[in-house]
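These notes concern the structure reproduced below.
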Amino acid sequence: MEIENANCKTKVSECIDNVDMEQLCVDKPLKLDVEITGLDKLIEELHRVFSHSHVNIQDVQKLMLGYKSDPKDWRKYAKYDRFRYTRNLVDQGNGAFNIMILCWGPGHASAIHDHADSHCFMKLLSGSLEEVRYDWPDNVQPEVIKKMKRKAKRCCLESEDLENSDAKYTNGDKGNRQNGKENENCQIGGDNVNCEDEFDEFRENYDIKSMKEVGRTRMEINDVCYINDALGLHRMENPSHVDGAVSLHLYCPPFNSCRVFDARTGKPTEVKVTFWSMYGKKIKRVLEASDMVDGQQ
């Protein structure tokens, strides 16, 4: 299946039966063939796209790229806090997605975090941001990777069953038995996968070491980036100590919590995601996403 047909209306781990993981590793669509005039029009187009049962990743990316930032469109949603970045809900997307504006004061940054098996699209509206990507810690795996390994393990076992039914082993046959054990390696997509060692999901104790940074990208106005848990973890930061920044985020499916990671040890902690404002109005208390969903049903 081509990347254009990867469905971002479902969780990332639910895509792997129909699409290779390499096809989820996309950053930008191949070309821009749509122009969106205004934030309201972008939201309208997103509702149209997400009304279908299948939503192509690149269709969403093209819509996000097609909108050119205009402060008059989003200024009413831009609510800052002196001490930390804010998440300001713009549209709930009928439960299929949500779209929000994040405001970053000078020097503000997020923690290293995952995306709860969802798809994340981000567009820079004002200022400049830096995206820093990290590998997953060795002892923590996202659902999508665990499912990939379970799928590969099934392939190993099925291949092993076929070998057992088609061949008889002799004492002198060392091609399929070594020291009384069947060869546990099989070819998965051209790579050797060990059916025993590669499928241990967790180690008992954390291997205390710092998170491994694998990439750093400076985003400028109207740039769009995409990430999912198969691509790794990231943190966003405003590199300026003078100017603020504003970014537009779309998450599908929406999620109520995610994991943040200690940069020194890699240890994860699950946290609730919150909103600073909703639909342009600052709320009296920081509202959890689950509260917002319950209140809209």
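The backbone N, Cα and C atoms fix where each Cβ goes, glycine too.
If you check TrEMBL, you get these features:
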type	residues	note
BINDING	H113, H115, H234	Fe cation binding site
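In sequence order, L233, H234, R235, C258, R259, V260, F261 are the residues of the chain that are 6 or more apart from H113 (Fe cation binding site) and have a CB within less than 8 Å of its CB. H234 (Fe cation binding site): 23 other CB atoms within 10 A of its CB, across all protein chains. Other than the site residues H113, H115, H234, same-chain residues with C-beta atoms no more than 8 angstroms from the centre of those residues' C-beta atoms, the Fe cation site, are S110, I112, D114, C120, I227, D229, L233, R235, C258. The Cβ of H115 (Fe cation binding site) lies under 8 Å from the Cβ of I227, N228, D229, Y251, F255, C258, each on the same chain and at least six residues away in sequence.
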